[in-house]
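Note sheet for the following structure.
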Amino acid sequence: MEAAADLQDTASLALKFEFNPKLGIDNPVLSLAEDYDPSDLWSLERPRFYLLNKEEGRTFGFHLQQQPGRAGHVVCRVEPGSSAQRQGLREGDWILGVNNHVVEHEDYLMVIRRIRASGPRVLLTVLAQHVHEVARAQRGNNTTHLCPPLGQRVRPRLCHVVKDEGGFGFSVTQGHRGPFWLVLSSGGAAERAGVPPGSRLLEVNGVSVEKLTHNQLSRKLWQSGKQVTLLVAGPEVEEQCRQLGMPLAAPLAEGWALPTKPRCLHLEKGPQGFGFVLREEKGLDGRLGQFLWEVDPGLPAEKAGMQAGDRLVAVAGESVEGLGHEETVSKIRAQGSRVSLIVVDPKADRFFSMVRLSPLLFLESTEAPDSPRGSGSVSAVETNSPLVDTTVAPVPCSFRQCFLYPGPGGGYGFRLSRVASRPGLFISQDGVLASDLL
């Protein structure tokens, strides 16, 4: 089965960072040029980092494959012209990490969920196929030392600063090589918003400042009005990323004093069902999404905290971004009489769209609202078209339900294949194990 996505002492890692000028300042993609010394065998044991951008209406542009009978996840195909190809992701690369999570020994579907939940940007840690084979021969299955995550509280911060009588509470200085640094006013707005002293400024309202001049940055801050969202990295974070060779990437960030957050609703089916209507319509960014309407007073949805106009982001922790209406309904129904929905209201939707990050990345930074397990819960989904309440048994997390419709030629677009020495049947396309495009 495939799905799309992208060694030695990590303190010795040294990678060179370059920004891709083709995508411009408003859509930065970080590229790391490889600087291998063929005569240095130890230099082969180095992971590569790729910060991929999902462009409007497109995917990251790669397929991930699970090795039958083996741990690990391999890139099996890279789409021409995609973000993955432009950044240098190659067929055969092994995915070691997704953002700040080590995933080599995680379940295949969990890795897919992590990548999809990352939204429009994802940071992949990968290792070339031949390097991975050498590492496994030396250390067996224990290759986690190649992809150490950042420590707790040692991550870039996304801080929302609200101007007070003293302004934003920081001034900007610029180093001789271009980076911007923040000098905080004691007790000022920036300090209260969680900006660490001596922070390097990375983004303003979701836009990279790496290529901005001081005047351009000043203008952007002025245009922000009374509030601004900053992506910053404190000195400790910058030093640890430097030692690991890891870019200071937005998907690694933790949220501090954010103006809004995603909400997790726990619904349990009542005698009258959910008490809401799920509709597919265009959102604030013009893209189709699944929205919750007609929340009935006193029924489980309202008791769980659902509000009319909320956009559905995930079902049982799995992102529904890009899914059609029927597939989303099926995912909810498959949960049985209890389901967990992650939603954002219009304000949160605008905020996370502006910073170009998925709200699912910030669930760990927020507390799920208390919800009565007996009253706020869902079982049968109501939609804007007639729907029969056909509750099905919950589907184990390692399984997926797929509802297929025949194509123009009458077929479903897949073949069943067998793998030597493996029980069961596998889905394939033209004799190759099928993959999920990410």
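Glycine too: its Cβ is placed from the backbone N, Cα and C atoms.
Where the annotation comes from TrEMBL, it is an automatic prediction and has not been curated.
Fair warning: this is a prediction, and the values are worked out from it, not measured in the lab.
According to TrEMBL:
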type: DOMAIN; residues: 48-130; note: domain 'PDZ'
type: DOMAIN; residues: 158-236; note: domain 'PDZ'
type: DOMAIN; residues: 264-347; note: domain 'PDZ'
Checklist entry - Looking only at the domain 'PDZ' (158-236), what are its DSSP counts of helix, strand and coil residues? => result 16 helix, 31 strand, 32 coil
Next on the checklist: When secondary structure is assigned with DSSP, how many helix, strand and coil residues does the domain 'PDZ' (48-130) contain?
Outcome noted: 17 helix, 31 strand, 35 coil
Checklist outcome for this item: Residues in the domain 'PDZ' (264-347) per DSSP class, helix first, strand next, coil last, are 15 helix, 33 strand, 36 coil
